[in-house]
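Engineer: Handing you a structure now.
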């Protein structure tokens, strides 16, 4: 389950990304012209929505129906070895559907939305060039928008960043979050008060650009022809599904997986260490929580995260929302895709 919030900050795009891991994404640039046909040819299909709502299952069904390939848009499934806690589909569960941008970074690599954008667009362009349909699938809202929309990333200033990080280390995130709330209430509402790294980035962008951080979010003008299908459930059944999912993760070995990743530097990973489930287990391993407390806090934190995901996605009127509990989910999703592709 991704804990990189739905409005994660734009990061600098200069960091090198390892070439290995997962399924290779061919290099490329620009938007390729589709070489083949199909009813959704030339259209990027995004499957979005909150954690545990059923995005992965729907994406597999759509990929089979549309001759598609999945491009991951879950910020934590980018990390190698973070499998159980992110509900990453196994090879068998992918049912032969090619998946791109899984397992590309070590857990010590800080997230970069700019690097993700570059890699994801290369994957999308390659899929389109082969006449197939790209399915952009995940609950990391900014990652989805950074691919689908025209989005230039603000620069960085090492001196400004260092000064803000020094303030964070000395005073903690609360006064910085209060400053952000005064300068940009919308940004403050989307960033948790304890998430110092994202608060620092937002304040840095405001200082460098003289504009609200939210002004740096994607321009809604499209980069690709696309359709966004959102899947969701009523709160009560989704809350129950989250609890069952966390129970299953514990049974499947989340503690052992986290312990193995801790040996690879997970606790020092600025992004990966904040992933839901993993951060709670790390606290258990450090003696800060009992295992029962870590388990229950994972459920509570995931439910809170789902509320923020909903708030992010529901602001976008272009998303066609579907009830993932409905018996006609796949047929309804295909109708939405076909209508947009006409």
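Even glycines carry a Cβ here, placed using N, Cα and C.
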Engineer: Could you tell me which of the ranges 66-69, 70-73, 74-77, 78-81 is annotated in Swiss-Prot as region 'Interaction with substrate tRNA'?
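Structural biologist: Based on what Swiss-Prot states, region 'Interaction with substrate tRNA' spans 74-77.
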Engineer: Among the recorded positions 56, 140, whose Cβ has the fewest other Cβ atoms within 10 Å?
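Structural biologist: Minimum Cβ neighbour count within 10 Å, taken over the recorded positions 56, 140, occurs at 56.
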Engineer: Write down the Cα-Cα distance for residue 140 (site 'Interaction with substrate tRNA') and residue 54 (ATP binding site), rounded and given in Å.
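Structural biologist: A Cα-Cα distance of 14 Å.
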Engineer: Hey, how far is residue 161 (site 'Interaction with substrate tRNA') from residue 52 (ATP binding site), Cα to Cα, in Å?
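Structural biologist: About 35 Å separates the two Cα atoms.
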Engineer: Inside 8 A of the center formed by the CB atoms of 51, 52, 53, 54, 55, 56, which other residues of the chain have their CB, for the recorded substrate site?
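Structural biologist: For the substrate site the neighbour list reads 49, 50, 57, 87, 139, 231, 324.
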Engineer: Rounded to a whole angstrom, what is the C-alpha distance between residue 49 (ATP binding site) and residue 140 (site 'Interaction with substrate tRNA')?
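Structural biologist: Counting only the Cα atoms, the answer is 9 Å.
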Engineer: Using the structure shown, find which entry in 51, 53 (the binding-site residues) has the sparsest Cβ neighbourhood within 10 Å.
Structural biologist: 51
Engineer: When you measure from the Cβ of residue 55 (ATP binding site), how many other Cβ atoms are you left with inside 10 Å?
Structural biologist: 26
